[in-house]
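Have a look at the structure below before the remarks.
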Amino acid sequence: MSRHSTSSVTETTAKNMLWGSELNQEKQTCTFRGQGEKKDSCKLLLSTICLGEKAKEEVNRVEVLSQEGRKPPITIATLKASVLPMVTVSGIELSPPVTFRLRTGSGPVFLSGLECYETSDLTWEDDEEEEEEEEEEDEDEDADISLEEIPVKQVKRVAPQKQMSIAKKKKVEKEEDETVVRPSPQDKSPWKKEKSTPRAKKPVTKK
């Protein structure tokens, strides 16, 4: 099995959490600041802004305030119950702190999205190699077990002397078959039989 030098690989993964807030006449602003020690790497992915079921028939405008008020507010949704009660927002990533404000209307307006935290995991290539080696060892063990379970059938071999005697016997039987000559139909004809039998000579009388 091949060995490789140890080296570290940093992988960046994202951990997402649901986020939501409400804007109404009593609470016209809300600020997202992130949570925990990872708030510096946090992003807010806004998804939907919608009116509540108790919203009045009036225009409700939601805007985002810039940090420290350096830039003018940006309107992200203008809602009305009978016309547009909900909007779907996509592709907006906001870095905390982010402040939302209900500029006009009494709401209630609900905002929802995802808190996205980036985390760095330090993984080692050796750990992956060890896992691969363990898998290969398991496969080898399974193959050995399967070979042990297969029954081995023993084949009986005939002794050389016995083989020679059998071959000799077959040869003798073949020679005997060749020596036996069967009479042909011509040998059975009466003419040939009479010709083959010699006639008796008549005695000659001396004068």
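Note that Cβ sites are derived from N, Cα and C of the backbone, with glycine treated the same way.
Annotated in Swiss-Prot:
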type     : residues : note
REGION   : 1-20     : region 'Disordered'
COMPBIAS : 1-15     : compositional bias 'Polar residues'
SITE     : E57      : site 'Interaction between pentamers'
SITE     : L84      : site 'Interaction between pentamers'
REGION   : 121-207  : region 'Disordered'
COMPBIAS : 123-147  : compositional bias 'Acidic residues'
REGION   : 129-152  : region 'Acidic tract A2'
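All protein chains shown were included, and the count of other CB atoms within 10 Å of the CB of E57 (site 'Interaction between pentamers') stands at 8. The distance from the Cα of L84 (site 'Interaction between pentamers') to the Cα of E57 (site 'Interaction between pentamers') comes to 11 Å. Within 10 Å of the Cβ of L84 (site 'Interaction between pentamers') there are 14 other Cβ atoms, across all protein chains. In the three-state DSSP scheme, E57 (site 'Interaction between pentamers') is classed as coil.
Across the region 'Acidic tract A2' (129-152), mean pLDDT in this model comes to 65.
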